[in-house]
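K.L.:
Take a look at this one; I'll ask things after.
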2 protein chains.
Amino acid sequence: MQTFQPPRRVLMGPGPSDVSPRVLAALARPTIGHLDPAFQSLMEEIKGALQRLFNAPDHACVPLPAPGTAGMEAAMMNLLEPGDRAVVAINGVFGGRMADMAGRAGATVVTVEHEWGQPVDPARVEAALAEAPTKLLAFVHAETSTGVRSDAATLCGLARKHRALSVVDCVTSLGGIAVDAAAWGADVIYSGTQKCLSAPPGLSPIALSKAAQAAIAGRKEKVRNWLLDFNLLMAYWGGPEGSGGGGRTYHHTAPVNALYGLHESLVVLFEEGVQAATVRHARMHEALAAGIEAAGLKFLVEPKWRLPMLNTVIVPDGVDEAAVRAHVLKAWDLELGAGLGPLKGKVWRIGLMGESATPWHVRLCLTALCDALNAQGVSVDSRAVLAAAEGRLQQ
Amino acid sequence: MQTFQPPRRVLMGPGPSDVSPRVLAALARPTIGHLDPAFQSLMEEIKGALQRLFNAPDHACVPLPAPGTAGMEAAMMNLLEPGDRAVVAINGVFGGRMADMAGRAGATVVTVEHEWGQPVDPARVEAALAEAPTKLLAFVHAETSTGVRSDAATLCGLARKHRALSVVDCVTSLGGIAVDAAAWGADVIYSGTQKCLSAPPGLSPIALSKAAQAAIAGRKEKVRNWLLDFNLLMAYWGGPEGSGGGGRTYHHTAPVNALYGLHESLVVLFEEGVQAATVRHARMHEALAAGIEAAGLKFLVEPKWRLPMLNTVIVPDGVDEAAVRAHVLKAWDLELGAGLGPLKGKVWRIGLMGESATPWHVRLCLTALCDALNAQGVSVDSRAVLAAAEGRLQQ
């Protein structure tokens, strides 16, 4: 057993994305104690930064000590208990996962199923909400499995109208397109670190509204999860109200170095500006899309609902999906994503997330993809493809 | 908001312990994808290394993607369901936490309470097991809150005798004293990374026996936890049997860089040798104890049951416990641990874990402690204290 030296990789799959040298350097700073006064300051800064990033000034924000899935699990386990009704919109892998978790929390789960590649349909969701009193509406803002955005503002509004709490999965959207807890009136929003924040995977930032907190405080039985029990977590993180972290109660041992990394990724993001980062993601997507279309390839999702950071490209007839990914990995050290579930073998998922959303990444990806397609016997003019992308990059 | 620069700290509390430069460097290596073939090799190496470290050749071993508490939660949530009876021995904070979690899993929980500072009493545990058919016996091998070891071999034997599965918390013991899943016949053993492995906090290595796996496969209802559902986890980690990681099924996104760190900490530990590390922990404890006693201080725990890596020292009458910790932090950048629960204000907890179990740490700790006691008006001869420790270090 020897020291592991990772190979060179360019990460343009569905996450993790490339991590900046600044964040990697932060991870390697010496570990301090999780009850250290200096660490407490770090926690307070992270809480405040997450409030700004989610635009959630009245929410309690913390980074959960586990991957993005933990945010989903925390939402479902804290808000739901046996007897509750939950409406879950499903238009990809992650909506399905939400429904599974809601069932484990003991709720009666009503799913609103959509074809993969379509956004969540507000009319069908409203019909499900109108059927019976509902505790919670859950949906995915940016479906990583399909590359589709759904209309979070409208869906949160429907939840409010029907007196349900809203749970919004922003794992892939946060830092890449507009996420606005206050404007949407979202009750629980969570994300991951390994997408548009470009920190390594392992943490899940989450924001809970006062209504969500009240619902948790009013539970009849204990949360079916100790590590993610929001009452215990908030006592550890020093309360929801910028209380300065006074009176912290020991809960788990925080993942200190991972939090150094998240903190630095937030510093990097605010230096650029959240709005500027959003514009950058949109621009890189447009350039990539111009190249993809110049190569004769098509997107799964119609333009209005496309995610800039997760591009789902249809595999042309006669092309071996996995062979293309294997080729770009071998020849270009480039990771692209495969399709999941019903899209397996039918699409590639190309990530343009955070540090991976740069002109260099657009150029490399298109070059490698043209190379792989030509190797498969599909003739593509890579010069024309790059020129199409370059035309958008220069605008 | 600016880049966070942690202060210099020497970590001699209950964990995290000092992290070696080699492990810190590993954390900072570029992130690769969690489905990358190279990452798959890393996962296989970690699984194999954990099997060796737990001495669990027939167990399924994985590092859970969350702090040590996740191991406890995974054990309780996977093994227990409503209608099951669980016997939980409590002799400190962590036994109490186990009982709390067993209740959240829906089990009928029978606790066997002990005075804090005492090991678990096999006779009383057996009496509880004999009362009714029991699914699971849970106890803590090394109680971090009190510094007490319990007799894991005997307790696992009692579980077997009464046809219960055994769950052993080895968060603080693994890598510092003998941990032997095979010899004990332990069904579930878990640990953390931030104690004697000296990696940062954030992961929880766990081992499950074939009997534990069969119990999970035979559950009537779903595990009340999606992230830690062992059936889903093992499909992601490529099966329990060294199957080469073939056919991995996407579950969560593994915390890639944290796993680089764990891997390197295992490389470091095997370079030294697990047995040699155990001897080192014992020697450092004896040297520290000689100094502590030369300073006129007393241990909470009788010698037979003391943990070498977690030294619980009684605060002398008239000494302000918190002031001493504040002094050594301010003047010596040294973190010591406070007492928890009924021991709050009454003890210090001095960690000698992993990279923090060296002669340098013993000397620094005794020097700082003498300085702080003298500042409190308790006259201590630091030369004599150091000489007592040095006498043991030279043996």
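Any Cβ shown, glycine's included, is placed from N, Cα and C.
These came from TrEMBL, pasted as-is:
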type	residues	note
BINDING	A:R349	substrate binding site
DOMAIN	A:31-308	domain 'Aminotransferase class V'
MOD_RES	A:K195	N6-(pyridoxal phosphate)lysine
K.L.:
Using the structure shown, find which entry in A:K195, A:R349 (the recorded positions) has the sparsest Cβ neighbourhood within 10 Å.
P.N.:
A:R349
K.L.:
To the nearest Å, how far is the Cα of the residue listed as 'N6-(pyridoxal phosphate)lysine' from the Cα of A:R349 (substrate binding site)?
P.N.:
13
K.L.:
Is A:R349 (substrate binding site) helix, strand or coil when read with DSSP?
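P.N.:
Looking at the DSSP assignment, A:R349 (substrate binding site) belongs to a strand.
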